[in-house]
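Trainee: For reference, TrEMBL lists these features for the protein:
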{"type": "DOMAIN", "residues": "48-468", "note": "domain 'Major facilitator superfamily (MFS) profile'"}
{"type": "TRANSMEM", "residues": "81-101", "note": "transmembrane segment"}
{"type": "TRANSMEM", "residues": "113-131", "note": "transmembrane segment"}
{"type": "TRANSMEM", "residues": "143-163", "note": "transmembrane segment"}
{"type": "TRANSMEM", "residues": "175-194", "note": "transmembrane segment"}
{"type": "TRANSMEM", "residues": "200-217", "note": "transmembrane segment"}
{"type": "TRANSMEM", "residues": "277-299", "note": "transmembrane segment"}
{"type": "TRANSMEM", "residues": "319-337", "note": "transmembrane segment"}
{"type": "TRANSMEM", "residues": "344-366", "note": "transmembrane segment"}
{"type": "TRANSMEM", "residues": "378-402", "note": "transmembrane segment"}
{"type": "TRANSMEM", "residues": "414-440", "note": "transmembrane segment"}
{"type": "TRANSMEM", "residues": "446-464", "note": "transmembrane segment"}
Amino acid sequence: MAIDECKDIENGLENLEQPFLENAKILDSDDEELISKENGSIGMVLLSTCVAVCGSFEFGSCVGYSAPTQSEIRNDLNLTLAQYSIFGSIITIGAMIGAITSGRIADFIGRKGAMRMSAIFCITGWLAVYFSMGTLTLDVGRFLTGFGIGIFSYVVPVFIAEIAPKDLRGGLTTINQLMIVCGASVAYLLGTVISWRNLALTGILPCTFLLAGLFFIPESPRWLAKVGLEKEFEVALRKLRGKDADISLEAAEIQAYVDTLQTLPKARIFDLFGSKYIRSVIIGIGLMVFQQFIGINGIGFYASQTFESAGLKNSNIGTIAYAIVQVPITVVGAFLMDRSGRRPLLMVSATGTFIGCFMTGASFYLKGNGILLEWVPILAVSGVLVYISAFSIGMGAVPWVIMSEIFPIHVKSAAGSLVVLVNWLGAWAVSFTFSFLMAWSATGTFMLYAGFCVLTIQFVAKVVPETKGKTLEEIQAIINS
């Protein structure tokens, strides 16, 4: 999964089974504003968010691990290109399984229980990587960390969405995305100065902080209400809103939503392919396919290899630049999300990734033909930086936002599972084939991704509706018209 795509989940999957969706509003905006003012204490909300986003940081650390460590791991363990490709991509298989099962796990043992379980899987995986002397334990460790972050990718944004007051929800989910990017960037930076084994140990730290922090924060009140623990539900809500806050209106709203949710029919994945939902499915799956097949996981996972192949004497320079540029661009993307609209942001982003791929592919063409060799590394690094900047501003996050908006409430869970499955399958396919494609033709690889960027622009222009500023009912009317 791409680093930035995961805003995805925070904007998309948070709504899969999230009690308190827009469809279920009971209070008008004035009442909600009143509640927000009465709930003066947000300290526990902020603390709970800080603890939860340790999982987001861990997510970024895991997906960023393979980029700066490729040469060192291959040399130390004598791995072939195929063996390292399996190591680099197997995390997506684990994450796919984790993400698909995450909804049931989080519903069965709670949001905190799911985060605790994820942390244990990640710690076990990192220890396996650290002590590995061959491909088996290396791959098993990578798979386990993948399973852990697959659960994190669902449960962290859902937990934040369920504990946050409505007026803070958008800002707090942005913290989730920023921590994913920060985790990846820190992994890129640390990987240039410490060994791959020590870098694996640093991946344990976010999980340690999370496990310790979970003892001091409440469970999601909405999950407690959903499973019928009414006393615990009220205690948790009061901890989050402050001891002097009037929680009666919010508690009644949550309980009413839970009751409404139980009356809605549960959809299966096969139901999504009926005429009623097929256009939403095409939009959701199409965006996820293009998000992956423009090459983000290949370029992100193997950035160091790309810079080395382009002739950059010190590939760490490119890797550090790659790490630094992601964070501010992600902030800009979050700022523009509700200002520029979804479609323009997607099309600008896809155009930028095309330019980045074309520049990088051109650099390898020049190298292969012995033309302007002194400019090849500069052009390659510039192309990759243009690519990741463009991806971070739109294609990483917007597909998940749109996914959360185009499906009716009672099919969000099934639709989310299907979309996550497609997304992780695409992530695996791209990350596994990248090294082989580069061995075939570096120029051809980036031109192939550039071709998918062009197809993305056409798909968005012809199929994807603008959802900015529209209610869910209005979006459904547009899709079904």
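Each Cβ is built from the backbone N, Cα and C atoms, and glycine gets one as well.
Mind running through what each feature is packed against?
Mentor: If you take every residue in the domain 'Major facilitator superfamily (MFS) profile' (48-468) and average the pLDDT, you get 86.
Under 8 Å from some Cβ of the transmembrane segment (113-131) lie the Cβ atoms of residues 52, 55, 58, 62, 98, 102, 105-106, 137-138, 140-149, 151-152, 155-156, 159, 197, 200-201, 203-204, 207-208, 210-211, 214, all in the same chain and six or more residues away from its ends.
Within the same chain, residues 3-4, 6-7, 10, 49, 52-54, 56-65, 67-69, 156-157, 160, 202-203, 206, 300, 303, 316, 319-320, 322-324, 326-327, 330-331, 334, 392, 397 sit at least 6 positions outside the transmembrane segment (175-194) and bring their C-beta atoms closer than 8 Å to a C-beta of that stretch.
Counting only same-chain residues 6+ beyond the ends of the transmembrane segment (200-217), those with a CB under 8 A from a CB of the stretch are 44, 47-48, 50-52, 54-55, 57-58, 61-62, 65, 112, 115-116, 119-120, 122-123, 126-127, 129-130, 141, 145, 183, 187, 190, 194.
Through the fold, the transmembrane segment (378-402) approaches residues 2-13, 177, 181, 283-284, 287-288, 290-291, 294, 296, 299-300, 303, 306-307, 310-312, 317-318, 321-322, 325-326, 329-330, 332-334, 336-337, 342, 345-346, 348-353, 355-364, 366, 446, 456, 464, 467 of its own chain, all at least 6 residues removed from its boundaries and within a Cβ separation under 8 Å.
Within the chain carrying the transmembrane segment (414-440), a Cβ under 8 angstroms from the stretch's Cβ atoms is held by residues 1-2, 5, 8-9, 12-13, 15-16, 81-82, 84-86, 88-89, 92-93, 95-96, 99-100, 103, 150, 153-154, 266-269, 271-272, 277, 280-281, 284-285, 288-289, 291-293, 295-299, 301-302, 305-306, 309, 403, 407, 448, all 6 or more beyond its ends.
Only residues 6 or more beyond the boundaries of the transmembrane segment (446-464), in the same chain, are considered here, and those with a CB under 8 A from a CB of the stretch are 282-283, 286-287, 290, 293-295, 298-299, 342-343, 346-347, 350-351, 353-354, 357-358, 360-361, 364, 383, 395, 402, 437.
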Trainee: Report, as numbers and ranges, which residues of the same chain sit near the transmembrane segment (344-366): CB under 8 Å and 6 or more residues beyond its ends.
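Mentor: For the transmembrane segment (344-366), the list is 287, 290, 294-295, 306, 309-310, 333, 336-337, 372-373, 375-377, 379-380, 382-391, 393-395, 398-399, 442-447, 449-450, 453-454, 456-457, 460-461, 464.
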